[in-house]
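Remarks on the structure that follows.
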Amino acid sequence: MSLRLSARYLGASALNVDGEISSDSSDSEDESDLTWEDWISDSGAKRPCKSLFDDTTFTSVAEALEYDKDTHGFDFEQTCSRLSLDSYRRIRLVNWIRKEKPSPEHANALKGDEAFLSADEYLKPTLEDDPLLEVPSEDSSDEEEIEVWPQSPLDLAAAKRQIKRLKQQLQRTKQDMIEYRAFVSERLNFTSVAESLKEPVPSSSIHVAAPLRDDDSHYFQSYGENDIHAVMIQDKVRTATYAQFIMTTPELFRDAVVLDVGCGTGILSLFAARAGAKRVFAVDASDIAEKAMQIVKANDLENVITVIRGKIEEVTLPDDVTHVDVIVSEWMGYGLLYESMLDSVLHARDRFLNPDGGVLAPSQCKMMFGLCEAAEIFKERVGFWSDVYGFDLAAMAADVYNEAIVDVVDSMASEPVVVKDLYLKTIAPKQLDFSSSFTLVSTTERKTNIHAFVLYFDTFFTASGEPIPEDSQVHFVKEGDPILAEVWQVGGKPHISRRMSSGGPLKKPKPKTTSFSTGPLSVPTHWKQTLFLLRDPIIVHEGTIVQGTFICKKSDDNSRELDVEIHYTVKYEGEEPSEAIVQVFKVR
C-alpha cells in the first residue's frame, strides 16, 4: 500500500486561542464605580509588608522600604534603578533576599550580573502573598504608566472619559497579574506558586489568554537527574573522544578562556582545566549545575572553573569577560538535532566566541542517511503483535510508523549519504530546518526486505576550527580501541606528539582531526541510531536505487522535537521509477 501525504500535513495550523480582554455586561454595574484608588487599595502597595532584612512588619510597602533604607541602609528602588532591573529581575531580587538572607552590605554590592537574577527558582515567592512582588517600579515610564489627574473633572463628559480610562488601566493591571501568574506556573511547574499567588479574579470581564507554551521546563528538569549523566559519561565513544581531543591539543587549550555550554556534571570543563585552560566558564540551566559546583570544589579547581547556573541566552560572564577562545559543548541529540540544543550553542558562538581565531569543539557534524533491513526491529515492534497467545493485537503497532525509533542496528543495506553537513562556525539557526535530496543504492547481494531508513551522525574536532578536508574519514571505534589509553597518562599530563622523521623532505601535514561516529559500524553510543520504519517494506536486490527527499524541521508542537518527512521512489534496473511515497515521522 502506498501512503500519500500532502506536505501541508506538517504545517497543520494550531488551535488559535483568543487572548484579548473583553467586557461583559454582567459585571459592568459592579465596576462602574471602581476607580484606580479602589483597585490599588487592594493591591500590594497598601497591604502589610515585611522588611527585607528583619521580621518587622509595616502597614504598607512604602513604610517597609523606608524602614529598610533608614535602618539597614538599603534603598530597594535605588538599587533596582542602578542595576536596571526589569519586572522579573526585581521579583528575583526580592525572593533572593528573603530566601538567602544576605547582609544589607552584600545586597548593596550587587553588580547586576549575578546568576540568581536569571535563575527561574527565584520567580517562586519566598514569602507567601508578598506585596513587594506586585508593586511596579517607581520610574516606570512606558506608555501604560498610570495617569494622574490633579483635579476633579469639570463636567459630566470629562468625568465619563476619566472613568473609562481608569477602567482600562484597571483591566490592563489585572491582565498583567494574570499573565505573570501563568508565566510562573508554566515556567516552573510549581503548584505551590499558583496557590501562593491565588486571588479572586472577576470571571466575566476578562478572557484569560492561554499561557505561553514552554518547551524548556521538562527538558532542563530531565537533565537534573543523575541517571542521564551516568549514561552519557559511561558512553566511552562520546566521553573518551572529547577527552582525547581536549587533552591532546595543548596548542588550543593551554592558557585559553573556555566556555562549556550545557556543562552537566562539568566533565568537559574538568578536561579543559587539566589541559591547561586559564579560565573555564561552565554554564547549565538545570539542577545539575549545583552538583557541578560541588564537583569543581572537590577537585580543587575553583580557581579555574566557574559554574554559572542559567540559560546561555540570558547569562553574562563574570569579571567583565566578553569573549572566549574555545566553546566546548556536547549538544547532540538523537539524529543529531533532536532537543535543539545546537541553537543555544550558536547563540553562545555569536555572543561570546572570539571572532579572531575562536574555535568550537566539535567544529563539524554530518547527518548520515541510508537503507536498513531492520528485520529484528520490525519483528519486535510490529510482527510481535500479530500473534499474542493466538490473538491478533496488530492494532497496537499502528502508531509505530508515525514516530522514529531509537535503537541499535549492526548493518546497513546501502552506503550512507550525507543529508546535512553542519559547519558550526558559520551555520545559522534558520539552516537547521532543511530539505535534502538523496540517492541510495542497495548493496545487498540477495533479495531483501528493507524495513527502515536509518539516520545517524558523525562528529569532527579540529584544533583550527576550520572545515575538515573533503577526503577525511570518520573514526569508527571498535571493541578494544586504545582511545582511552591515549588520554589517561600518569599525572594527567597532556599527550606529547612524536617528532616527525628527518630522513626525507617534509610534507605539510594534514590538519589533525579527531572524530567519532554513531553509525552501525562503530561501538554503540547512547545516541544509538534513529530508524524510520516503513509502512510498506522496499524489496531490493543489489543495485536497486531508492531516490528521494529528506525534510527535517523543528516541530510546530514542541521546538525541541523534530518533524521528518521522507519522499522516495524505488527504481529497479531496466524499469521506470515507482510512484512517489511519502511518510511523516515525529522524533521525540
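Placement of Cβ uses the backbone N, Cα and C atoms for every residue, glycine included.
Taken from TrEMBL, the feature domain 'Protein arginine N-methyltransferase 3-like C2H2 zinc finger' applies to 80-125. Across the domain 'Protein arginine N-methyltransferase 3-like C2H2 zinc finger' (80-125), the DSSP tally of helix, strand and coil residues reads 30 helix, 0 strand, 16 coil.
According to TrEMBL, the feature coiled coil maps to 156-183.
Per DSSP, the domain 'Methyltransferase' (258-357) is made up of 30 helix, 22 strand, 48 coil. According to TrEMBL, the feature domain 'Methyltransferase' maps to 258-357.
Look at TrEMBL and you will find 368-465 (among others) tagged as domain 'Protein arginine N-methyltransferase'. In terms of DSSP helix, strand and coil, the domain 'Protein arginine N-methyltransferase' (368-465) has 23 helix, 43 strand, 32 coil.
Under the heading region 'Disordered', TrEMBL lists 498-521.
What TrEMBL lists as compositional bias 'Low complexity' is 501-520.
The domain 'Protein arginine N-methyltransferase' annotation in TrEMBL covers 511-571 (among others).
Counting Cβ pairs closer than 8 Å and at least 6 residues apart in sequence, the domain 'Protein arginine N-methyltransferase' (511-571) and the domain 'Protein arginine N-methyltransferase 3-like C2H2 zinc finger' (80-125) reach fewer than three and form no contact. Remark: secondary structure over the domain 'Protein arginine N-methyltransferase' (511-571) totals 0 helix, 37 strand, 24 coil, with classes taken from DSSP.
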